[in-house]
Amino acid sequence: MSGLGAAAGPGWQRDSGGLSLLAEEPHGAAPVDFLQELPSCQSARRRRGGTQERRAAPLGTNGSRGDAARALLQENGESAERPARERPVCMADKRRARDSQQAETERLSRWEKWKRTSSKSLKKALSEVKGLSSYLVLWRRDIRSIEGKFGTGIQSYFSFLRFLVLLNFIIFILMFSFVVLPTIISTFGLFNSTVAYIPPKNIDVICTIYKPSGNKGLVYFYTYLKDLLSGTGFLEVTSLFYGYYSIDAVRISIMRYNLPLAYLLATFAYLALSFLWIIKRSVEGFKHNLVHDADPFQSYCNKVFAGWDFCITDPNAARLKHRSLQYELQMDLQEEKLKQKIAERRTKEKLRIYSLRIFINIIVIAILSGCFYSIYRVTVFSQENSNDIGNANSQVNLLVQYLPSMVITLANFIAPLIFAFLIKFEEYTPAFEIKLTLLRCVFVRLANIGVLLFSLWSQISDCGSDKCKPCGYNYKLYPCWESDVGQEMYKLMIFDFIVILAVALFVDFPRKLLVTHCSWKLVQWFGDKEFAISDSVLEIIYGQTICFIGTFFSPLLPAIATIKYFIIFYVKKIVLIHTRKPAARPVRASSSNFFFLVVLLIGLLLAFVPVGFSIARIPSSKACGPFRNFNTSWEVIPDTILQFPTGLQQFLFGISSEAFAVPFFVILCIIMFYVIALARAHKRVVEQLREQLVLESRDKMFLIRKITEAQK
């Protein structure tokens, strides 16, 4: 409106109702009837539902002049605190402001001068540190190069992979500092430390027998390789698994370190840290989605007029940035084209599309049901026949033992291919296509982990013929069942890593060589494969869910996951650059990042169930581990609280009681509803402000047209 005010003269001023036509002429103000013809006034009357006329405040009123004066003083006060070079004024005004600041500085005392100088130096140092820290970001140049060559959708996958590397590294530091390091210190007697071994009380001696199958004597090389892949043998007696931590307490000088309590609290800490970090990043992605979905035209303006970085001087960096903007605009235009196509559909076309989608979803549900039922039946068959003593053929017995893993791997490979083929006929947008494919595939992979854990715990808790009576669990097959579960998670992690490497080496590169050097029509029709974001994301989320579950049973599993994802980054980068082609339908990064984190959050919530069930319900092993003196792992919490003073005990038990939990839950609900109501109110205010901007532009055109007519 500033341009309109400059064009129309000093007689135009804006008040609370929109625009007021006011003439500072000696003959008086403009008639009020003319003001009522403004589009903004008519729209305001329609919103109020009445026809009352609103009189505009004259320019000469005290309220209007006072508001303008206060606004001017506030603007001057804010600009006085800013440096002269940052003020939105001309160079002459900046020079006068600089001279005024220098004159004012000379009148200050030494203490005030020192404070101002120190403040400026600190701000400058923090700015330099922040600039230098950007160079320490992991894979910064690699991810920028991928973004420029293949778009923001594929870049979001590699950024998500970097996030998992950092998350696993933090979890490893947490478990190593509070669990592994105290055990190592006590084992080697460092820092004048001692170990407290407390034998289990009131427990049958047969429950405390645990003889790990460590390698002794002369061992063949392939035995070490087998142990390395399966987690047995020499690895079973290392700090990699739960059974190694059989220490009750560590004494360093006069301090007593409660290892069972530290083990349990570290488990809660890494789960809570993962949950909060994922939620924080999800909220940021949700904000980006809201901004993009609120005003698509603003996204085009930002990319076209403000998307270029004028600090780029390197020709290669400029080319990468240009290609990145090109891919983003291409993606936006494709989505707009699809939306226009959807809007132009007739009733017959809509019925055809909806019928086809219903039919395809029925097929998808049938495939999922078949996978789940097959895994369940094969798992039951394997449990019933793998330990058959009468089966003399060891090869058949080995095949029966690994039959569930083979079926799970086959389901993980075939089901996503079928889903990716079927979704092409449903005509969704590229972003929603990735989301729906991920949702369909995630149930297949994550359900496999659930079936495996269910089968393991059914064997651990199999109390037929009084197998569990002395110890509360099947101690004959699982004397240290936590280490056995940790070994299964370890094998899943290693096997998943081997499959990813094998696909890259024996599928992607030979396929690229055939397409490049073979001119057969069938091979060329087969063509280069696009980089499937959904499959790649699901691979790493599947592995990360295994890490979430297995860290309690194998404290060093996050370190293996960190190394695994670090190698996978470079493997996927090489595969992307040399064997894959850019996607024909690019995908937006903001929506992809948000949905990747939502699927990861589903995997984390799935991990809460088995870990919480193992801690609270299943009896802990009496032959190994830090919780061998407790019936369950959770009992270390009340046992520790009972050692506190009486007042603190009453306070902690009061917090955990229902008398505190119910009011606390009610207060949280009230706060949540208040925040939701506040968010809705802010949304309405934003909508009104946008509508006001539109009305002001119409008022401007209306007034310009009136001025033109008056001049004629």
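Backbone N, Cα and C define each Cβ position, glycine as well.
Feature list (source: TrEMBL):
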| type | residues | note |
| --- | --- | --- |
| REGION | 1-68 | region 'Disordered' |
| TRANSMEM | 163-185 | transmembrane segment |
| TRANSMEM | 261-279 | transmembrane segment |
| TRANSMEM | 354-376 | transmembrane segment |
| TRANSMEM | 402-425 | transmembrane segment |
| TRANSMEM | 437-457 | transmembrane segment |
| DOMAIN | 480-590 | domain 'TMC' |
| TRANSMEM | 594-616 | transmembrane segment |
| TRANSMEM | 660-679 | transmembrane segment |
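Long-range Cβ contacts of the transmembrane segment (437-457) within its own chain (Cβ-Cβ under 8 Å, at least 6 residues beyond either end) map to 364, 368, 371-372, 375-376, 379-380, 382-383, 404, 408, 411-412, 415-416, 419-420, 423, 484-485, 488, 492, 534-535, 537-538, 541-542, 545-546, 549, 595, 599, 602-603, 606, 610, 613, 618. Pairs of Cβ atoms less than 8 Å apart link the transmembrane segment (402-425) most often to 354-376, out of 163-185, 354-376, 660-679. Residues of the same chain lying 6 or more positions beyond the ends of the transmembrane segment (354-376) and with a Cβ under 8 Å from any Cβ of it are 404, 407-408, 411, 415, 418-419, 422-423, 425-426, 440, 443-444, 447-448, 451. Here the domain 'TMC' (480-590) is broken down by DSSP into helix, strand and coil counts: 86 helix, 4 strand, 21 coil.
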